[in-house]
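Peer 1: Below is a structure I'd like to ask you about.
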Amino acid sequence: MKKSGPGMLIAAAFIGPGTVATCLGAGVSFGYSLLWALLLSIIITIVLQEISGRIGLTSTRPIPAILESMIPGKYAGKALIGLILLAIVLGNSAYEAGNIAGGTLGLEALFGSGAVAYYPFIVILLAGIILWMGSYKLLERIFTALVLIMSMSFILTALLVRPDLSALFAGLFYPKVTGDTIMTVMALIGTTVVPYNLFLYPALVRQRWEGAGNLSAMRRDIIGSVLIGGIVSMAILVTGAGTGMQQMESVLDMAKSLSPIYGTAATVAIGVGLLAAGLTSSITAPLAAAYVIQQSFGWAPDNRSWKFRLAWGGVLLIGLLSLTLNIRPLEVIFLAQVANALLLPLVAFLFWRMASDKQLLGEFRSSRTGVIAGLIIVILVGLLALRTLYRIFVS
């Protein structure tokens, strides 16, 4: 606990109900064959989040201001920031409904459906109280505990289904992309490599550490945290693959399918994991949106200011209101993750440019190896995005 850092908030942010639903769905539909996509996602996340953390420690300027200065033209930079701001705020608002719904499903799995109408308000109340306190240290401790709870819950569930190890390793190290799997591959990448986390982490890093002397601590923090999050995502996919289900309408279907074989242990494990995932993501989505708004408009970095609270409160409220609409949450989450992955090539390119900018980072800019690795990632996610667009508009 004492050695944890803001990386745990990043891990918690991408292990939300959307990740649970998408990874379970991938396992149910395609078995272990898409584990490689999660492995790729982990590598991309570590590379990009390390860049964002390095910028946070070695530059005093917020990310939006740096991006705006990189774009030539008086209005082009502002237009780019406006586009990113709109995408993140609207995307996080859309995700928030799924986050609250995920926490609600967790409570339903644990306590039954008798008081299900009140569960969303319990999740909102808990998230609102933690956000209102505005304490970074409190957030770090809560998220470290919740990530550990999620890890134990989902890894236990994966062990219960006794996965086929030969098929598991084949899916992990032999990548295959087909017309049927490309959308799910992009959703798996989009649910792990979350663009808003690239704006959230630098802000959190500045609250945790001061100066470039802490680069090694930051790197240990983000690599360890993302690896934990990636292992949890893989455990969820393995659970979906190991159950033998043919289709899944709700995450609770998974708990119901496991209960006859493994009893209440499976239901409790999935319920606890879902509740933790829903609660953490219900906090990080509005928090990240508020940070991006704060940085884009040049507000003072005060988590207790009325403007900052209004920003995250608006996202919470939109999420709660969205639950009253007759929308299938799994489909909305899936499409939002595909949209995330399509936005990723632009965001990855911009962060790659910043990481290799000598004027911005000086001696802390990326090495030649880092520049090449970043470029490979930009090209790779770009090709995947193009193939996805082809699938959407041509096939």
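If you go along the chain as it appears here, the first residue is 1 and each next one adds 1.
Note: Cβ is positioned from N, Cα and C throughout, glycine not excepted.
So TrEMBL says this about it:
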TRANSMEM  35-55  transmembrane segment
TRANSMEM  75-95  transmembrane segment
TRANSMEM  115-135  transmembrane segment
TRANSMEM  142-161  transmembrane segment
TRANSMEM  181-201  transmembrane segment
TRANSMEM  222-241  transmembrane segment
TRANSMEM  261-289  transmembrane segment
TRANSMEM  310-327  transmembrane segment
TRANSMEM  333-352  transmembrane segment
TRANSMEM  372-393  transmembrane segment
Peer 1: Report the listed stretch (35-55, 75-95, 181-201, 222-241) having the maximum count of Cβ pairs within less than 8 Å of the transmembrane segment (372-393).
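Peer 2: Checked against 35-55, 75-95, 181-201, 222-241; highest Cβ contact count belongs to 181-201.
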Peer 1: Have the transmembrane segment (222-241) and the transmembrane segment (75-95) got at least three CB pairs under 8 Å, pairs 6 or more apart in sequence?
Peer 2: no
Peer 1: Sort out the residues at least 6 away from either end of the transmembrane segment (75-95), same chain, that have Cβ-Cβ distances under 8 Å to it, and list them.
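Peer 2: Those are 16, 18, 64, 67-69, 195-196, 199, 281, 285-286, 288-289, 292-293, 296, 314-315, 318-319, 322, 332-333, 336, 339-340, 343, 347, in sequence order.
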